[in-house]
Ligand SMILES: Cc1cc2nc3c(=O)[nH]c(=O)nc-3n(C[C@H](O)[C@H](O)[C@H](O)COP(=O)(O)O)c2cc1C
């Protein structure tokens, strides 16, 4: 842990630079030298006394090694390199709330890079491949503005967590009340955290990074207050006080008491809030010692990664001039990182003889280090470069070749391989608990419907026999839907359970050492979009709105606070993205109809439609899923999706209506301690209503309020089918129906092919 003098000198330089660079937090990357600080206005936000929403974030902060937040350094190329070389989670650079407010979000369809732009300048950029591991750090001294920043960055589900910077000691940050100044205004600090928790969707974690206060007593009082907000999932402690310089050794010996206190307080709240140790962890080889010393299970590296992002490797650092610098240039070229930032990151890399050969080779004492002269030529090449091309030339890289390569297949290949390798191997590495992660879903688009009939004779998959059958009087339907609807109608009287089907989703990997996990549950079929039962109609089904026809999109319901919702939106492949910015998640239904000996496996995209004001509403494909217009209808009204959602909500039974106003499903039971000892008559097991009257039949103000709360948590789940696999055990046949490529499920045409059962 002793820093060699050469390294110290460099870090002092870096620290000097960091004084300036942290100041750039409000600025587009290219404008680092302008004065970034705008006065923060005092908060006018009214205190919200309602219970704080519980996070359902799947992130695992234990047993990890993380890239710390660094202004200008923690940009996309550094983060991707860090992930590639073993970081479990990566913090982005601090972005001040007002900087992200008012930005435009732009996605580059070729590279996948997501940019937040103001006046055409990049304030922040990220890539879907890092999304499960990406923490967005906010600088703020105002709960309302912090909440707005969080809403902006989580609206399209671009990050896994949001973090509050409570550690920056530089005057430009502290004079505005942000950064380390929040340490002396703990009520404001906690109000910002709770505002962030309320603003973030449940599956996005809120965390916080602090420094030590001068006394241990004050530090423990502060962390106690922070933990008791219930707002955070993890606390990072930079083990220096506000007045300490970066070159002064971190006060690691003060951390153990703090860790013990956080663990005990979190336990008393039935929570787990891991503490992450930051300060003087230079590379993965130092981490075990820090853990032993402090009692944490995770560490965070900042300056070590600034100098060499391969510092997360348990096998030792890779060579900066041979591997790291060229890779950083490649990522920057391929992903269009702003030149000023690429140059800055390259300039901060450790071009020193000791970093010119990998550590494991150094240890063998065999290889010669790169001569100083050669290294200084590289350094001066970087500082003179004016364009990405100039930078590439310094390292003999052909920029056109890099730019012509497919981002998904070639540029991100090493990163994907590294992530999937960690998924497959249990590391015997530095803590023996790292299990590995899985690559994201970047290839989803490749499977998109085409060419799958493979010579098996695809036919028209619409209901046949005297033209097209109709589910309602005004709409032709695919054959599989006709078959399903017919069997439901025929057998529902004798087989009540046929209205339940199993719905599976995929939970994204929660750390780079984990794998994606399937989840299955039974849900109730709530009909097809715009269909209602009507005894007088032919086939017993009539359109809810006669200006529209039937749709083969299925409906069920969900609670917006459940993990299912987060699984849906986090597993959104390219295939599930609409041109209107909508995106759903991957899902599959397995539906067994015993009386007919039929299994339907319906694969497709799942879309959540919550009530007004919920951030997920912007992901719903309102137009694409609109049912076909009824023949002869001259109406131009849009389909009333909210009417459809309310219709299903109003029909829920009293027990289900009440279930939506309980605390978050799956969260700790509020009467946990009393449950085992309660007598049968003690009402401890359900301190919430068991039934609610249907809307319009409320008898008390309390019921009205509870129903409002239920509706707020209720969402319609619409399943947009893409392929349907029907197995008929009675006839021993199997038929696969597929939506024709490029068509949408609400109105599109289907193919049909028979396969071996
Ligand atoms: C260049 C640079 C930029 C930094 N920017 C931030 C920042 O944006 N937010 C933050 O919380 N800390 C920031 N820090 C502090 C680091 O995250 C970290 O707390 C500190 O460097 C101690 O960790 P280390 O010893 O591993 O470097 C920055 C540090 C450096 C060197």
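Keep in mind that glycine also has a Cβ here, set from the backbone N, Cα and C atoms.
In TrEMBL, annotation is done automatically, which means it is predicted and not curated.
Given the structure is predicted, the values throughout are model-derived calculations rather than measurements.
From the options 595-618, 619-642, the stretch TrEMBL describes as region 'Disordered' is 619-642. TrEMBL assigns the feature region 'Disordered' to one of the listed ranges (405-441, 442-478, 479-515, 516-552), namely 442-478. As a whole-number mean, the pLDDT of the domain 'Pyridoxamine 5'-phosphate oxidase Alr4036 family FMN-binding' (478-609) in this prediction is 83. Taken residue by residue, the region 'Disordered' (619-642) breaks down under DSSP into 3 helix, 1 strand, 20 coil. In the region 'Disordered' (661-708), helix, strand and coil residues by DSSP number 8 helix, 0 strand, 40 coil.
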